[in-house]
Amino acid sequence: MLSFVRRGTRLQGKQLAAWERLSGRYLMDVPRGDGETSVDPAARLDAAALFGRRAPLIVEIGAGLGDAVVAAAAAAPETDFIALDVYRPGLSDLMRKADRAGATNIRVIEANAPEVFGTLLRPGSVDEVWMFFPDPWPKKRHHKRRLVSPSFADLVARVLRPGGRWRLATDWEEYAEQMRETLGGVAAFAPANDGADGFAPRFAGRIETGFERKGIAAGRIIRDLTYVRR
Ligand SMILES: C[S@@+](CC[C@H](N)C(=O)[O-])C[C@H]1O[C@@H](n2cnc3c(N)ncnc32)[C@H](O)[C@@H]1O
C-alpha cells in the first residue's frame, strides 16, 4: 500500500527550467526497481561520495516544497541533508530555494520513503530523520496509507545510529495520538516526548511552513514528537 497518490510529474515553465538547470547538482540518480518512484533493492547510498565529505546526516521524509529543509541546511552548513519526496514540482521548487540560499549541503531523492529506508540507506548511517506533516489520510478507510506504522518504524530504526533521533510533527490530533501509541510500542525507540501535554516541545530547528500555517488557520493544534534510537 503506497502512502501517496502520485500527482502530475510534468513540469512546465520555471519548474521545468529549474529542474533542468539544478538536477545535476542536487538530484541523486536513483537506480530504479519497478516503477518511477521505486528503488532498486540492490542499490546503496554512499553519503560520503554524494556530498564529497563526511558529516552528520539528516534525512527529511516528505520535504514538500522544501522550505523546512532549505532553512535548516542554510543554518547548519556543517551538516548534510537529504530531502526525500515523490512530488516532482515540489522537489523542483526545493532545488530553486537551495540554489538561492547557496546551500551546498542538500541532496534530493525522488523516491518512495519505505524503499529508501528499507534498502538504499545503510544501517546506522543517519543521525536524524525528520517527518513533518505527513499526509494525514483522515478517512478511516485510508488510514492504512499513513506512513507511520510499526513496519515503517522498523525501517527508520534500521538506518538511525544509536542515539539518533526521529522527529515528527502533525496538525492532525488523531494521527498524533496514533503516532504516539504506535511508536511507544517499538522497542528500538525511547520516547522523548517530555512536554507538559505528553508530546515533545516544538522542535526549534523546524521553521513554520505554509502547510503548518494552514493547519493553524483551520484551528488545529500542532504536535511534535521525538524518539531516540536505543
Ligand atoms: C502534507 S505534505 C507536507 C510537506 C512538508 N513536510 C511541509 O510541512 O510543508 C506531505 C508530503 O509527503 C510526501 N510523501 C507522501 N508519501 C511519501 C512517500 N512514500 N515517500 C516520499 N514522500 C512521500 C508527499 O508527496 C507530500 O509532499
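Note that Cβ sites are derived from N, Cα and C of the backbone, with glycine treated the same way.
As given in TrEMBL:
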type	residues	note
BINDING	Glu60, Asp85, Asn112, Asp135	S-adenosyl-L-methionine binding site
BINDING	Lys139, Asp171, Thr209, Gly210, Phe211, Glu212	substrate binding site
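The structure, with features from TrEMBL marked on it.
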residue: Glu60; record: S-adenosyl-L-methionine binding site; DSSP class: strand
residue: Asp85; record: S-adenosyl-L-methionine binding site; DSSP class: strand
residue: Asn112; record: S-adenosyl-L-methionine binding site; DSSP class: coil
residue: Asp135; record: S-adenosyl-L-methionine binding site; DSSP class: coil
residue: Asp171; record: substrate binding site; DSSP class: coil
residue: Thr209; record: substrate binding site; DSSP class: coil
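For Gly210 (substrate binding site), the nearest of the binding-site residues by C-alpha distance turns out to be Asp135; the candidates were Glu60, Asp85, Asn112, Asp135.
Among the binding-site residues listed here, namely Glu60, Asp85, Asn112, Asp135, Asp135 has its C-alpha nearest to that of Asp171 (substrate binding site). Taking only the Cα positions, the spacing between Glu60 (S-adenosyl-L-methionine binding site) and Lys139 (substrate binding site) is 25 angstrom.
Close contacts with ligand 1, defined as a Cβ under 6 Å from any of its atoms, occur at Phe211 among the binding-site residues Glu60, Lys139, Phe211. Between the C-alpha atoms of Asn112 (S-adenosyl-L-methionine binding site) and Glu212 (substrate binding site), the distance comes to 23 Å. Taking each of the binding-site residues Glu60, Asp135, Asp171, Glu212 in turn and counting other Cβ atoms within 10 Å of its Cβ gives the largest count for Glu60. Calculated from their C-alpha atoms, the gap between Asp135 (S-adenosyl-L-methionine binding site) and Phe211 (substrate binding site) amounts to 11 Å. Looking at Thr209 (substrate binding site) and Asp85 (S-adenosyl-L-methionine binding site), their Cα atoms lie 16 Å from each other. Phe211 (substrate binding site) sits 15 Å from Asp85 (S-adenosyl-L-methionine binding site), taking the CA atoms of both as reference points. Of the residues the record lists as binding S-adenosyl-L-methionine, namely Glu60, Asp85, Asn112, Asp135, the two whose Cα atoms sit farthest apart are 14 Å from each other. Look at the Cβ of each of the binding-site residues Asn112, Thr209 and count the other Cβ atoms within 10 Å; the largest number goes with Asn112. On a Cα basis, Asp85 (S-adenosyl-L-methionine binding site) lies 22 Å away from Lys139 (substrate binding site). Of the recorded residues, Asp85 (S-adenosyl-L-methionine binding site) and Glu212 (substrate binding site) place their C-alpha atoms 18 Å from one another.
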